[in-house]
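Copied over from TrEMBL, here are the features:
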type	residues	note
DOMAIN	2-375	domain 'Amino acid transporter transmembrane'
TRANSMEM	20-43	transmembrane segment
TRANSMEM	76-95	transmembrane segment
TRANSMEM	115-132	transmembrane segment
TRANSMEM	144-166	transmembrane segment
TRANSMEM	178-198	transmembrane segment
TRANSMEM	210-233	transmembrane segment
TRANSMEM	253-281	transmembrane segment
TRANSMEM	293-313	transmembrane segment
TRANSMEM	319-339	transmembrane segment
TRANSMEM	359-379	transmembrane segment
Amino acid sequence: LQGIFVLGLPYALLHSGYSGLFLIILAAALCCYTGKILIACLYEENEAGQLVRVRDTYEDIANACCRKLSPRLGGIVVNVTQVMELLMTCVLYLVVSGNFLSHSFPYVPVTEKTWSVIAFVTLLPCVFIKTLKTVSKLSQLCSLVHFIIILVVMTYCLTQIHQWSWAKFRLSIKFEDFLISVGVIIFSYTSQIFLPTLEGSMKNPEEFRCMLNWTHFLACVLKTTFALTAFLTWGEETKEVITDNLPSFLQTLVNLCLLTKALLSYPLPFFAATEVVFACISRGNHAIYRSPLFALGVRGSFLLLTLLMAMFIPHFALLMGLTGSVTGAAMTFLLPSLFHLKLKWKKLSFLEKCADISVFLLGFLSSLAGTVCSIKGLLEVFG
């Protein structure tokens, strides 16, 4: 919930003004809500009226909803969408790692692509990750590095408090710029892909809803505080990645921290994606599909694929934006609300149905607007 997208929030405020602050809060509430209804779809009541976990994955939920059309249609759609988004996320981490290394050592005669290969070498041990517990330990270190970055930026901002002025906020905004801000803010909260696995791995799954409330509340407070202090410091000069506004003596330190964060962030989407791919392949009865060597081969192939995509896909940022607009909105808003309506329709109150329909419509509009803006950007680049 506190990913690299957070560094773009001050820039989002630049283009959204006061409405951006409201959006940060609204996005937290909506993403928390869709996370809860997604997990609710994993459970059904037994004859005694007790909730029992009858599904394990996002795929199982999709298959249950599409059973009348095709037993596996929903699962195929969800798996393709999940793997696309996770794959692009992994590639993005490799690309930004090369970028951070290039900016940290500008006097070394090495291209960004070569730096990406060097970063890739440090990620090779990922092929040996077998459990979410290992990933969680790396994510803890990632969170620690993230807070160091936030602390450095906010400490510098507080030293400039004498320059702060609320007049820097815009009252009038351009609609297209506002849509860009919406995308940055919403996708800084997305975590639905990981939630079924996370809830299933918890020692006390009954505490999941409480955990979701607290994490989204704290993420909202941190995002709002960070975005506000950074924007009040630089105002109209706020750059797309706020660390680019820092003085040169701090930029190298922060870039190295960002590099560490990117490398520590890679294992989570990598693990999630390879688990989905391996689960799809290993459904066959052949013993080789369940062998440790085969699993190692799947992880190694996926790791290599992310490197090749990072090296050879042109205009990756725009393609990432297009993929995120389609898959991110689908996994975060469209599918959770649609699945919840389908599986729980008879048990939902009128207000709950209205809430699900509203979230679905909002997700559809966000996805449509983001897709149009991304395609427009691609057309401009390719002439």
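Backbone N, Cα and C define each Cβ position, glycine as well.
Nobody curates TrEMBL annotations by hand; they come from automatic prediction.
Against the transmembrane segment (178-198), the recorded stretches 20-43, 115-132, 144-166, 210-233, 253-281 differ in Cβ pairs under 8 Å, and the greatest number is found for 20-43.
Between the transmembrane segment (144-166) and the stretches 20-43, 76-95, 115-132, 210-233, Cβ pairs under 8 Å are most numerous for 210-233. Simply put, out of 20-43, 76-95, 115-132, 253-281, 115-132 has the most Cβ pairs sitting under 8 Å from the transmembrane segment (293-313).
Here the transmembrane segment (115-132) sits against the transmembrane segment (76-95); at least 3 CB pairs are under 8 Å, leaving out pairs fewer than 6 apart in sequence. Below 8 angstroms of C-beta separation, residues 3-4, 7, 57, 59, 79, 82-83, 86-87, 89-90, 93-94, 96-97, 100-101, 103-104, 119, 122-123, 126, 129, 132, 134-135, 138-139, 141-142, 145-146, 148-149, 152-153, 193-194, 197, 243, 246, 289, 295, 298-299, 302-303, 306 of the same chain, each at least six residues beyond the ends of the transmembrane segment (253-281), sit close to that stretch. Residues 1-2, 6, 9-10, 12-14, 20-21, 24-25, 28-29, 31-32, 35-36, 150, 153-154, 156-158, 160, 163-166, 168-169, 188-189, 202, 242, 245 of the same chain lie 6+ residues outside the transmembrane segment (210-233) yet bring a C-beta within less than 8 angstroms of a C-beta in it. If you look at the transmembrane segment (76-95), the same-chain residues 6 or more away from its ends with a CB under 8 A from one of its CBs are 58-59, 61-62, 66, 116, 119-120, 123, 193, 262-263, 265-266, 269-270, 272-273, 276-277, 280, 302, 305-307, 309-310, 313, 316, 319-320, 323-324, 327-328, 330-331, 335.
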